[in-house]
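> Can you keep this structure in mind? I'll have questions shortly.
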Amino acid sequence: MQDWDEDAILRSYQTRNYIGVAITMFWLYDYLIEINAEWIFMRYAKLRKTKVIYLLTRLLPFAAHGARLTYDLSASPASTTCHRLSSAMNAFAILIVILAEVLFSLRTYALWRRSRTVLILLIGSFAAAIAGGIAVWYIPAGTTDSATETDVFLPPTSSVTGCASVSPGISAALSYSFLLVVEIELIILNVMKGVRVRRETRARFVEILIGHNVLYYVCGTVFTVINVTMGILGGYGDVTIYQE
């Protein structure tokens, strides 16, 4: 087991909780303003692969938040319980991120009228990001420590609930960096398509980008940048914000 800095872990733990509450409120607000459109889509849209991916992306955060609440509100949990809750939460988070990126990629592919070149580019980038994101957890994070080493940290104060599954933050930062490259690539592809549409239709460029839902791509990229930053500054992987 590594000799973790308990003060640094507690600061990272507190920061993650503050940001987690803010992200949850943003997530709920998004659902409230979109609930009517969501209901119409779920009721009338044909059941296709894209719809299934979309519904999973939108509904899985409920399960992820359930795991997060159980994880954070557990009073003095055993280390095995903490590991189990952390694994469940991470599994939900990773699945949500992958589904969201697949959905964004499919939309970009459709905007480019199913261009074979764009498809190959997206598949290659996606595969490289997944491979790189997995590989960084097997790269040594220091002189002797492995980036894969994960410990359970239980807050010493009885009034503090929950626990922290602690791992070197640089590993999480590098993993999210691969995702960041894919998201920037998606934004560039959408902007390039917007430029082409503007030349053909003479429509306002901003309106074209809004019509292409570029705002969602930008929001996802911002959250990924925050994840990278928190992984570097926080020092521990437990503070990452999962993009729900």
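In case you wondered, yes, glycine gets a Cβ from its N, Cα and C as well.
Pasting the relevant annotations from TrEMBL:
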type	residues	note
DOMAIN	18-62	domain 'DUF6533'
TRANSMEM	15-32	transmembrane segment
TRANSMEM	52-71	transmembrane segment
TRANSMEM	91-112	transmembrane segment
TRANSMEM	119-139	transmembrane segment
TRANSMEM	174-193	transmembrane segment
TRANSMEM	214-236	transmembrane segment
> Give the one range among 91-112, 119-139, 214-236 whose Cβ atoms make the most pairs under 8 Å with those of the transmembrane segment (15-32).
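Per the Cβ under 8 Å count, 214-236.
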> Report the DSSP secondary-structure composition of the domain 'DUF6533' (18-62) as helix, strand and coil residue counts.
41 helix, 0 strand, 4 coil
> Residues of the same chain, at least six outside the transmembrane segment (119-139), with any C-beta under 8 angstroms of its C-beta?
98, 101-102, 105, 108-109, 146-148, 171, 174-176, 178-179, 181-182, 185, 189
